[in-house]
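Visitor: Straight from TrEMBL, here's the annotation block:
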- B:395, B:397, B:812, B:816: Mg(2+) binding site (BINDING)
- B:395, B:396, B:397, B:499, B:540, B:563, B:597, B:786, B:792, B:815, B:816: ATP binding site (BINDING)
- B:1143-1153: compositional bias 'Polar residues' (COMPBIAS)
- B:838-1092: domain 'P-type ATPase C-terminal' (DOMAIN)
- B:90-109: transmembrane segment (TRANSMEM)
- B:278-301: transmembrane segment (TRANSMEM)
- B:321-347: transmembrane segment (TRANSMEM)
- B:872-890: transmembrane segment (TRANSMEM)
- B:902-922: transmembrane segment (TRANSMEM)
- B:951-971: transmembrane segment (TRANSMEM)
- B:991-1009: transmembrane segment (TRANSMEM)
- B:1021-1044: transmembrane segment (TRANSMEM)
- B:1064-1084: transmembrane segment (TRANSMEM)
């Protein structure tokens, strides 16, 4: 550093030139693409987007309209049961309720049965975190460390399995569908498995390892609102019992909004129902266990088909049509303004 | 010696008044012995400065402490504490810790490097041997040494212990000055023994900033001697023409007059910095408002719904009322919405500035090969300010013109020389390959001198009388001092560079000025030594603008030779040479058009009797007690009348480029030059030109005069500015006490203003300063002449105070330091001796003309990049964060986040940081050639158009709009819907994934839209960030990650199950369209309806030939700009003459002589 004194450098003193490199990067001359907002690009982007959106929007609306959907609000229709459930001391009293409806035309194709809840804040922060994923993986996890409180243990120290507010509040109505054909009543065959995501069923939920399920859950107790312990959720199917019960798994995938629907059953396409649900009279027979009146909630049962774009929600279709129209109109406005301005010289005068 | 702008001086405690008592000077300190002195560490001020802030151990605590003083960082610390409270914690700890640690680490590393580099630079640039100089030391200085402390001159090698110094660094004047030691101390000579035993006591005033005043006494052997400024060598001077001298250190380090003058080092911040701080506060307020709304919402919700929902979700422990829950939720939302406060803003801004500073260092077009000096961004925090400069303060000559002059062209007896013509008579450009005139016939020629026109040499060789007379005049009529250490190796010490250039020219053409005594001038004329008798020097001064000598040739002819400014000399010419005058004028115009500095020379033969009479009267006048000056000038005038023949000589200067920037300024009407320049320099630099309606001169000697002059000027420029209805006047009425910001006023034409230092002193006082600012800022060019360093700083300060504008000061000498430090941006001209200006500057380069590139290219780009960056940065954070706000209304105001926590952690750091950095490091709206050619492009920066509060509000609105789209489109698309296989999709995790994917693609498209210069790097960053997002998402949502880190990655399978759905992608596409298409339309329409300068550029092939800049050609004599009396009196008195000039006094030496050949040289 001696040579950096305030005196001029000695002649003959060898020193590398301090001239900066002549690289494109250092001289800020990197080759570059310089897109400009020209009238051509702007108008083409508006018109092309407009056309595309209109096209997609029309397709979406058409396909959403082709979805057949029957939604029945049964929170009022089963008012007796609702009242019974308002008093929690009646928790072990059974209450049934039937709802009739008629199909003028048959519903063809795969038919899905959903239960819908309204005003049920599954997306509340404290609700969302109130679970123990480790426990649901069948691990011997310390649920005290999770956010399950206050549904962690009973006073005597017995841990709840599964713990947390989500599990505790599991939807436990039983809904059966009957087809009334010539005064005979046929139960519509429903599939209760294969309704959840593969990853949930096979990765996210696992039962504790043991020789049988009841011993696996020994030393734990059911959540307070449950009528039966977790290992009795589906006594008929070993692979749909315990934590890997589909109804349970679906419930545990909390909804993003306070109004939501969860897949409950699928119509098994056999015999009369091979093409879907034929026209005729049907009855929902509901074992009413899940109280909603206390928090002004509502319950629905929904039968629906699906298309490539999902269910009957027309939002996307309408939004696309509106966007497409707006983009096209804006394109015309821009064209008009541009044509009007073109005569004016906006460039610098040299 | 080095004074770094960013350092704090650590000095021994300074008492108010102090007398330096130097009882004993223990050793003579020849510089080599300096080390021994170190052991004696006394509490005297020494010459060193401590510059580094940290050491190894203090770094971490000190740096962390400093960083947490930043409000955003402190806020994040506060957030961390909040997150430790379980009732409030709404986000995992890592969402704030990871960004905070990263930001702290990056800033910390940068600080450490800065600190290291600074201390390293200082050690490097500080000449180590000067560091330990202490008060009381005796220092030996040699010729061309730089004085590094304030010294009392003790003795010197020259007769009468005279010492010549150049004070350019100190006051900007390039002429030599003389200092003389006391006779008692002069006796010491260079006798080391005596000097060592020197035992005296100096009492002097306390350190102050008066450069021209010093009082003190020296007590030596019981006797007192008065000390004044004549005996002081101030720091910043350079010893010239003096072999050696000894000095006693009176003031050292920061006590020196120079340092006292250099003003306070202030920490400079850009206006965008200040704006950012304001905006961060606005954001805090906005955040508080949002949290308040949500907290109230939560209270209502808990009261209305949550209370009943307790069946399934009991209230948290300790919460017993809805309002308490709302209170807790306020803090939870403070945590959730923290991303609206841009923690990485500061660190990103620093990185961008650093990058843009490197571009300045790397720019080859600002590299000066002659002294191997690249441009240097010494401060890396001010870049974008370079794009907003409104007022430039420049030092005079040295800075503007390089101060190197050479003889280029001349017109002798109506014949013009200097241009080179080819065979067909076409003028050809002179470049390195042009054949130079061969001066080898003249052994005394200066090898560095270059001339290209062979006709002139031939004219000399042919003994053309007027040509000979021309060069004889040049070799006689001057006050240059010759120095000839080795035979034939002549060195001229000129008072001003133009004198030196002229004498050198004469020397090369065979009229070698060899030596002078008070009575004689020895000239070797075409190999023949002639001794002229010097009878009188009619010295130069500012009014006369000319100088003359009266000599008697060896043949006995009496002649008066005169040179001076053309306008002056033309009036003195005899009527017989009118025709010649016209021809010469034509040539002069031609030369001036090429920005050459011109002067005219003339001679007159004198009658012996008349002269004798004149000299007698001259003697009387010069001894007269009253009106001596006037009488002398009368006499001078008398004898200089009726000069005979006019010639014109022309000095070329490296001036052209400098002038161009100023011309540019005039074109834009924007860059206003309040140059600290002398008036005639103003003309020669084209600062002032004939396009101007008027140039006002303020030279009042009293406060009232100055006020009147200023008012009159303003009246002429804008007559209605005195009306009460005037906007500015109304504003004054309104804001009485506060510092007033004066709005810009437009004058009715282009005006210039020249103000002398004396008047400036009055104008800077209290009530006049407002008047000064108003008048001065209406002018395009303001020139202040003869000002002290402090005044320069005051002028800058004045503009800073009253104008909301960014100022830049540029200078090369120590006298500019104060102004450089005061201005928003200080620029130093580097590569010359003395680094004071450079060391206190923020940017430095070797040539004034690079300023244009620095501002128009680098400054403009930096500013645009910074603005684009800020706009995008605020936009992306608003769009990101506000989605949580909307979600609050749908999730019971429970502080539920929309996105995955990992996404929140990585969004600012990984997914969106590199594309925006890429843009702000590479973006160019137009390339550098366009930037230079169209200074109009610079105007938006001056007006602060690209980023201000309005723009910020627009960003915010755009962010709010985007967040609405980003929330409601996924919401609508997911509401009560299912996958195409009937399974669920409206679950929280799918919604989160969809919303975050929408967001990320939207902001990526937005950055694509903002980027106007897509380099490979930009492509890589944008596409890379998107792919990294998907890669990280799929990895984090994979089975393996879930099974290993169950608690951290609960989103297992979401990506696979959601992103395979067509309606998810349709929703994403729709959000992008809705977010981006309006922006495209809006931008296009804005460019059409309200185009910015860069929108107006014609998009066509670059055709430089059409875009030549015009050159103003005005003829002004540039001669006569040293504002001091010449050396005439000194030369005539002979005080500065040395008895030893062995080669010259022999009078026989000539290149062709036998003696010369014998020597075999």
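Using the three backbone atoms N, Cα and C, a Cβ is placed for every residue, glycine included.
Since we're looking at a predicted model, the values are computed, not measured.
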Visitor: Mind checking which residues of the chain, 6+ beyond the ends of the transmembrane segment (B:1064-1084), have their Cβ under 8 Å from one of its Cβ atoms?
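Guide: Apart from its flanks, the transmembrane segment (B:1064-1084) reaches 879, 958, 961-962, 965-966, 969-970, 973-974, 985, 990, 994, 997-998, 1001-1002, 1005-1006, 1009, 1058.
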Visitor: How big is the Cα-to-Cα gap, in Å, between residue B:792 (ATP binding site) and residue B:395 (Mg(2+) binding site)?
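Guide: Their Cα atoms are separated by 9 Å.
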Visitor: Using DSSP, would you call residue B:395 (Mg(2+) binding site) helix, strand or coil?
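Guide: Where residue B:395 (Mg(2+) binding site) sits, the three-state DSSP reduction gives coil.
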Visitor: Based on Cα distances to residue B:540 (ATP binding site), point out the closest of the binding-site residues B:395, B:812, B:816.
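Guide: Nearest by Cα distance to residue B:540 (ATP binding site): B:395.
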Visitor: Against which stretches of its own chain does the transmembrane segment (B:321-347) lie, if we need a Cβ under 8 Å and a gap of at least six residues from its ends?
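Guide: Same-chain contacts beyond the flanks: 70, 72-73, 75-76, 79, 82-83, 85, 87-91, 96, 99-100, 102-103, 106-107, 276, 280, 283-284, 286-287, 290-292, 294-303, 306-307, 315, 873-874, 877-878, 880-882, 884-885, 888, 893-895, 897, 904, 907-909, 913.
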Visitor: Near the Cβ of residue B:395 (Mg(2+) binding site), how many other Cβ atoms are there if near means within 10 Å?
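Guide: Excluding its own Cβ, the number within 10 Å is 25.
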Visitor: Across the whole of the domain 'P-type ATPase C-terminal' (B:838-1092), what does the mean pLDDT come to? Round it, please.
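Guide: Looking only at the domain 'P-type ATPase C-terminal' (B:838-1092), pLDDT averages out to 90.
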Visitor: Count the other Cβ atoms sitting within 10 Å of the Cβ of residue B:540 (ATP binding site), across every protein chain shown.
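Guide: Other Cβ atoms within 10 Å of residue B:540 (ATP binding site): 27.
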Visitor: State the three-class DSSP label for residue B:540 (ATP binding site), counting H, G and I as helix, E and B as strand, and everything else as coil.
Guide: coil
Visitor: With every protein chain in view, how many other Cβ atoms are within 10 Å of the Cβ of residue B:816 (Mg(2+) binding site)?
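Guide: For residue B:816 (Mg(2+) binding site), the 10 Å Cβ neighbour count is 34.
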Visitor: Can you tell which of the binding-site residues (B:792, B:812) has the fewest other C-beta atoms within 10 angstroms of its C-beta?
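Guide: So among B:792, B:812, the binding-site residues given, the one with the fewest Cβ atoms within 10 Å is B:792.
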